[in-house]
C-alpha cells in the first residue's frame, strides 16, 4: 500500500487584536439628509481608542498601505473612536458618497491587482511610539503602517440592488500587529470548543469526534474544521490524511487552545 502523507502538526500563537469590525454588520445606508448619497455603517469592538478610515476603490500596497484609485470621486474619511465593546459606527450625514459616480466594475473590485471596492481600516496606536516616529495625523490616510501601529482592515465589494439599494459583501479581513500582516480565517467548530458565549449556549458537540471525551483543540487545514483533540490528531495523522468531517485532504493540523468561559 502507498504510504500516507503525514500532516505537519503545529501550535497556534496568540495575536492580540485591539479592534474588530463585526463583518456581518458592515452595510451601506442612504443618507436621508443628502439624497443620492450613502453612508457606511457597522458594529465593532475596541479595547483601546483609535481611528476608523474609509476608502472606496483603493489599492493595497507594501506594509498594508492604501492608495485611493479615484480620489476625485471620494476622499478617504477618518473618524476617531473610543474603547468599548458593541459600538455602533455610522458616517456622519454629509460625509458619504455618491455611488452612481462609480462604474459597476469599480464597485465589483475584489482583489484584482490588490484593488478593493470598499476598505474599512481601524487603527490603534502604541502608548509609546518611537521618539522619532512621525504623527499619523500628519501622514496621508492610507500611508504604510509602521510597526507601532496596529490595525484591522476589512476588504469588501459593493453590490447594486433594486430600488437604489446597495449591499456589501466582505472578501477578507487583515490584521497588522507588530509589523506582521495576518489574514483572518473562520474556524468551523471553534464556537463549540469552550470559547463560545451567551446564556443559551449549547454545550453539546464540544468533544473530539474521535475519542468523544477530550475537548476539541485541533483544527484541520485547509478546510478549517476544529474537530479533534491534540492527542487524537497526533495518532490520526499517521493513519489517514483525510479530515474526519469533510474527508478533504489534510495539509496541516493546528492546535488552538481556547480559553474556557466561566
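Quick reminder: no glycine exception, Cβ is built from N, Cα and C everywhere.
All annotation found in TrEMBL is predicted automatically rather than curated by experts.
Look at TrEMBL and you will find 126-139 tagged as compositional bias 'Basic and acidic residues'. Residues annotated as domain 'RING-type' in TrEMBL: 208-247. Summarising the annotation, TrEMBL assigns region 'Disordered' to 126-146.
Secondary structure by DSSP for the compositional bias 'Basic and acidic residues' (126-139): 3 helix, 0 strand, 11 coil.
Residue counts of the domain 'RING-type' (208-247) by helix, strand and coil are 7 helix, 10 strand, 23 coil (DSSP-based). Across the domain 'RING-type' (208-247), the model assigns an average pLDDT of 89.
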